[in-house]
Each structure stands twice: as structure tokens, then as C-alpha cells.
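Shown next, in C-alpha cells, is the structure this report addresses.
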Amino acid sequence: MGGVPWKRVELAALVLYALGFYLVVIRKSLRLSHDYSGRLYGLRAGSLAGHLNDLSDAQWRNFRGNLPILTGVMAAFLILVNTLRYCYGLKGRGTALVWLILSLSYLCYLHGACVVFIILIALINYSMVKICTHYKYCTSLIWSFNLSVLILNRVYEGYSFSLFGQNLAVLDNYRGTFRWHICFNFVVLRMISFGCDYCWTIHSSHFDHKKHMQKCQVCYSGKTCYFALQEKGLGVDRYTFLTYLCYLTYAPLYIAGPIVGYNAFAAQLEVPQKNYSFAQISLYGLRWILSFLLMEGMTHFFHYNAFVVSRLWQQLSPFEIFIISYGVLNFMWLKFFLIWRYFRFWSLVGGVETPENMPKCINNCHDLESFWKSWHASFNRWLVRYLYIPLGGSRRKLLSIWVIFTFVAVWHDLEWKLVSWAWLTCLFFIPEILVKSLSNKFQASSPLGMLVHREFKAIAGAVTISCLMVANLVGYVVGPSGIKVLISKMAGKEALPALAFIFTTFYVGVKLMFHIREASSSQQG
């Protein structure tokens, strides 16, 4: 090879393959969107080159449609809060009071009279935490109460006022513009966070800040990172009903997160975040605008989600089903990326830093663990702190993942397709955990051994991505009822070339991820 390192040759070949793959996918996607446009549900008049816009996803359609009024509310709230902070030097309870008043007015517009349910449940949870915090099973009581609320909210669809007496039935005419029990899923996480943080502060705090500073570049520089804010217990007097209610209803994060722990939130009411400068926040906002334009282009030219809503996937070939599934995953990633970063931007300008959801592109994850750490990253941190570690952490990992993913499914909704997705994910997670454990024990020293180890990791990564695609196909595309049809399509001889091509593509993708990580590590080094 004329002295050219083999990795450079491999990288060139991988890039050429990836370019060819995306050219094929783009061409096929354009053809599918054009040929089936008359039979797809959810398409609306578009604004780009006469193309129809895919607004079949209700969540994206509502967010996009409400962006103008939402941005107006954001601007008004931020101007008012930051002006009062600057003029009167508000901290802690003063800031909490201002945000609580604004947030409750926001909730009254969203939920109308149903705000009563939110405040009542919040009050019961707060009282239970304060009364039971010295008992041994306090956290178990907190979890039991909140899981019950989560399930009952769904079963009774947010309750009707008539359930509590016909004289209250008139209030059912004033339920606002947004179903309160959908947003309340995030409130449940915050109530658990408040309760557990308070209990652990009362009993003990094992966070070693000095040891953390040695490893954390942010804290070592004199600032305080989010992790340190969350892990450090606050003074007992900081767990007040005012701050608690402000935390539950905090307008920037109320609808969709990202999820912030109580300790970190309350600390930043006292001292607003300083980890992001004005220039960094402005650049963050500019990147969001560019990402929004990318989404507009995607939904105008590629109608992936409309195929799922219209259930036309059953009429497609195995390779076309893969393209639609891959497109839906990328659409979902970009949708949540935009929603979460919009509200995080709002929170950052308001002085509260939260964990970043979607820190890594969906196409740059080759194992389930990194995928979930990079998807809903703030939720992942929440699950680690309040569920994974209390369940035993790495000592009981094979058992705890079943509890965690079942909770994640139920938290999203009471649907069998989500439970099926959760259990399939756990089934696929177990081999990965075992393979990683064996891989960590294997130390390759020779060049041949390192090459074999690298190839083994690439093949394992391709298998993992295939499993992830299957789990998400069941969860978000075909549903449990479509599994038989999907198996019949993929098990035929005519599907073998397509499956071989798909697996080869995943293998190439994993190899590219290796190169990206190596390049990133060398730059940091």
C-alpha cells in the first residue's frame, strides 16, 4: 500500500460506501414519498418548492404550530424575571415566587381548572415526604404513591370533575387547551426527585466534592457543574413548599423537560448558572434555528412518519421497510432534539442549567448503553440516581434493567406496544452486557489480536444496531400486531439480499464510529 497506513485506506473505503448508501437511501426515499403521496395521511400544504409537508406526527405538529405564541411567552417571561432579578437582586425564594406566579398563569392557560388537580396531588406528595422522611421506607412510599398517581391519571384520563360531584361538573367545560395528565408525567419525576433528595439529605450525603473536583474540568476551573449541584445536599431549610411548587411548575421545563433534579434546580434559583456565557447561549440558539430549517427540509421531501401513520409499510419490500424505519428514527431524533433544546435554551436564559438531551447524533451510537445515554440523557441521569443505584447499581444490572425499562414504558403510556418495546430492549441488552464483560477481560497485545478484537467489536455493534432497529420497529412502526407480517416479509428468500446489505451497512457504520472516536481522542490528547 506504498506505506499508507491501513486505517487511512479503510477510512476512505468506509466513507465511499457511506456516501453510496446515503445516495441510495435519499433516492429511494424521494421516490417512495412521491409515489405514495396521494395515499399518505397527515400531509399538509408546504412552503418549499411546492412539496407537501409531513405533519402527521401530532407532537411535532402541535409544537411547530404553537412556536410563535410560545416564543412570545418565553420572551415576556424572561424579560420580566431577569429585569426583576437585576433591579431587586432577587435570589432563592424571591426568584421562586416570581417564577411560581408566572408558571401558574402559564398552567392556567394550558390546563384551566385542572390546575387544581396538579396542586392537590403536589400538596399530598409534599406532606407525605415531610411526615415520613424519618421512616426507613420513606423512598418506597414516595415511589408507591407516585406510581399510583401515574397509573390512575392514565386510567381515568385526567379525571372529570363530575367524578367528585355533579355540582363540580361545570368545571369540565374549562379544562384548558392541553391535557394536564400528559404533562404530569414530568411532574411525577420531579415529585420523586424532591422526595428522594430531601430524604437522602436528612439521612446522609456521601458526595465527595474534593474527589469529584480532581476529575471534573468544570469544577476544577472554579465553576460548579450540574452533577455537583445535584449530588450536593442542600440545607434542610431549602426544601420549602414554595421552592418545591416552583420546581414542579417551572414554565421553561414544564411541558417536555429536560429533567432537572431538585437539588440542582434549587441551587440555581439562589445563584444562576454561570457555565454558559451570553455568546455560548446565543450560538446555542442559532444552532437550534439551523436545525429547525433542516427539519423543515426533511419533512417536505421525505414523508417517513406519514408511512407509519398510514400503515402502508405492509405494502413495501424489506429494503423499503428498512428505509422507512431508519427515516422514522432520524425524524424522531430530530423532533425531540428540537423540542428539548428549545426548552433548555429557555431555561438557560432564565438562569437554570439542565442536562443536555441528545448530546450525540443517533447515527453515532453502536451499543444500547450509549444509545440511551445519548437519547433522553437527562432522563437517563434521573433513572441512574433515583432507580438504578437504589436497585443495586452494577451489582444487579441484569435484573434492574427489567424494572427500569418497564417503568420507562409505563411512564410514557399504558400501551402494550411500549411494554413490548421495553422487554425486547431488555432481551437485547443482556447479551450486550455479557459481551462487554467478556471483552473487558480480554486484553489484546499483538497487532493480530487487536485487529481481531476490533472486528469482533464491529460485528457485535452491527448486531446491536440490528436489535435496536427491531425493537423500535415494534415500538414505533409495526406495533405488536404487525410482528407476524414483519417476520413473514423478512424471513423469505427474497429478503436475504436486503438483510445482508442492511447488516453490512451497520457494520460499516460501526467502523466509521470507531474512526470518529479515535480522531476525537487524539485531538483531546
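Yeah, the Cβs are placed from backbone N, Cα and C, and that goes for glycine too.
Residues 135-156 are the range that TrEMBL records as transmembrane segment, among 135-156, 179-200. Taking pairs at least six residues apart, the transmembrane segment (241-265) and the transmembrane segment (96-123) share three or more Cβ pairs below 8 Å and count as touching.
Same-chain neighbours of the transmembrane segment (286-307): 29-30, 32-33, 36-37, 40-43, 46-49, 51-57, 60, 313, 316, 324, 327-328, 330-331, 334-335, 337-338, 341-342, 345, counting only residues six or more beyond its ends whose CB sits under 8 Å from a CB of the stretch. The highest tally of CB pairs under 8 A with the transmembrane segment (319-338), across 12-30, 67-84, 96-123, 398-414, is held by 12-30.
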